[in-house]
């Protein structure tokens, strides 16, 4: 049976009342089902779920290291570059290995110098793998805490974070520096979500010092700092970022600053067509051309401006912070979801228009992909297809025309969807079974006559029909009353007070509703009477406006006729 909803509008909090013949189905009859329901849809057990995922990942990582052969790609080159650095070489142009020159900032050398020392000069590969397993677990745990704070996707969907074959390979079998950079980056994102801007900037700068791709997050970070901290604090935090870069690079800057900047932050680098994952459907001549690079740059800038304006209102932000440019005030808190979403979306825009994506670059954005998919309004089937397309493309070696075309079309489609999505599609955490039970008990047993008052005021039923009313169920959006005299259920929505996702907040909302109902009943009012009064007021106002318009039209018509007679009079 179709359920009919009637929206109400009062000067107080808006609430919706709905009458329904079917009592809402609940899972409170089975503890097992309730637990599974809460585990999948409520964040009540998310910490336990996260711990289980990290533990499983630790076991899987151990098995991968023990059973799957290590693949040598860049590790030996890293160690050769580190050996030159340890030997005293400070000219970045002279630090190189078998696969080419050093093209990473100075922080890379410090981290891998430590790894060189603790792995017997890079020879103890298995020990290095276990260290990278630690990096991987730290990254997974950090991303899970980010998911927990933002609460955009349902808990069951966080499992996808741990299902990427390629991501395991990047950390455990190849040991690329991308993994270290992204581990530090996600720690920074978590700190930003906690409004810890200073420490977040420290970790962000450390991540940039490992690999330059982290700068893709920078535009969103800049506007977050402006909106939260103002111009002066933003300048201070940017100074912290710059100071860390200078301190780490000082030995190389002192020796030959141009060579360092030219190699560590090289923007004109031409990538090898052989390793591209996302542009294989193009010919090599187009891939290496300068015109193609310019098109990608313009596309990135275009979407960057669109997304910045969507998330931050560029002009409005600049006007707001320039009104008092030298004011120093406490940082204004920004909702965790806004912080995380803006950072992840901005990075993804850079990924879509990236000059190339090598296999290890998958770590740049895969941990954000489940989050971004649940930020969109795509149906579940398309979300699964997007995950599979990305995983297929990055596990196809060598890449093919079909795999790269599917990857690029999928990611462009997702980026456009994220921009066009105007409504808030964030996952709303479900009210867990125990909280629902406690809230029902609160109304039925602790609040004397509470259910009857809710039925009288919000349901506008008579005293006789409201007798024996009880609360039969509660969810995030409404409280359902059972009316035995009518053999019906009455659903009263929480309106703008919803969604109710916690017991404490639910008690407060119900107290406010009961207070409103008690005062209304005492004054002889019900929601139906209030609605009718408002309707009559609006109708009277409309009739008054219509009568004034008719009177005005009548006077205008009379004035026009008088003027016409005066002009056409023969005496004139």
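Quick reminder: no glycine exception, Cβ is built from N, Cα and C everywhere.
Curation does not apply to TrEMBL; its annotations are automatic.
Sequence annotations record features per position, and here TrEMBL assigns compositional bias 'Polar residues' to 557-572.
The region 'Disordered' annotation in TrEMBL covers 547-572.
Under the heading transmembrane segment, TrEMBL lists 45-65 (among others).
Listed by sequence, the residues of this chain that lie at least six past the ends of the transmembrane segment (102-118) yet keep a Cβ under 8 A from its Cβ atoms are 78-79, 81-83, 85-86, 92, 95-96, 127-128, 131, 177, 180, 206, 208-212, 245, 248-249, 251-252, 260, 263-266, 269. Among the features that TrEMBL reports, transmembrane segment is placed at 102-118 (among others).
According to TrEMBL, the feature transmembrane segment maps to 130-150 (among others).
The transmembrane segment annotation in TrEMBL covers 170-192 (among others). Cβ atoms under 8 Å from those of the transmembrane segment (170-192) belong to residues 61, 64-65, 68-71, 73-75, 78, 104, 108, 111-112, 128-129, 132-133, 135-136, 138-139, 142-143, 145-146, 149, 199-204, 206-208, 210-211, 213-214, 217, 221, 224, 339-340, 343, 359-364, 367 of the same chain, restricted to positions at least 6 beyond its ends.
Per TrEMBL, the feature transmembrane segment maps to 199-223 (among others).
Per TrEMBL, transmembrane segment is recorded for 235-253 (among others).
Residues 219-220, 223, 270, 273, 276, 279, 314, 342, 345-346, 349-350, 352-356, 415, 418-419 of the same chain lie 6+ residues outside the transmembrane segment (287-308) yet bring a C-beta within less than 8 angstroms of a C-beta in it. Residues annotated as transmembrane segment in TrEMBL: 287-308 (among others).
Here TrEMBL flags 338-357 (among others) as transmembrane segment.
Annotation source TrEMBL lists transmembrane segment at 369-388 (among others).
The annotation transmembrane segment is assigned in TrEMBL to 400-420 (among others).
Against the transmembrane segment (199-223), the recorded stretches 130-150, 338-357, 400-420 differ in Cβ pairs under 8 Å, and the greatest number is found for 338-357. A Cβ distance under 8 Å defines the sequence-distant neighbours of the transmembrane segment (338-357), meaning residues of its chain 6+ beyond its ends; these are 146, 149-150, 152, 189, 192-193, 213, 216-217, 219-221, 223-224, 271, 275-279, 287, 293, 296-297, 299-300, 303-304, 307-308, 311-312, 364-365, 368, 371-372, 375, 407-408, 411-412, 414-415, 418.
Distant neighbours of the transmembrane segment (400-420): 276-281, 303, 306-307, 310, 345, 348-349, 351-352, 357, 372-373, 375-378, 385-386, 389-390, 392-394; these residues of the same chain sit at least 6 beyond its ends, with a Cβ under 8 Å from one of its Cβ atoms. Tertiary neighbourhood of the transmembrane segment (130-150): same-chain residues 43, 46-47, 50, 53-54, 57-58, 61-62, 65, 115, 118-119, 158, 161-162, 167-168, 171-172, 175, 179-180, 182-183, 186-187, 189-190, 193-194, 336-337, 339-341, 367, 371, selected by CB-CB distance under 8 Å and a gap of 6+ residues from either end.
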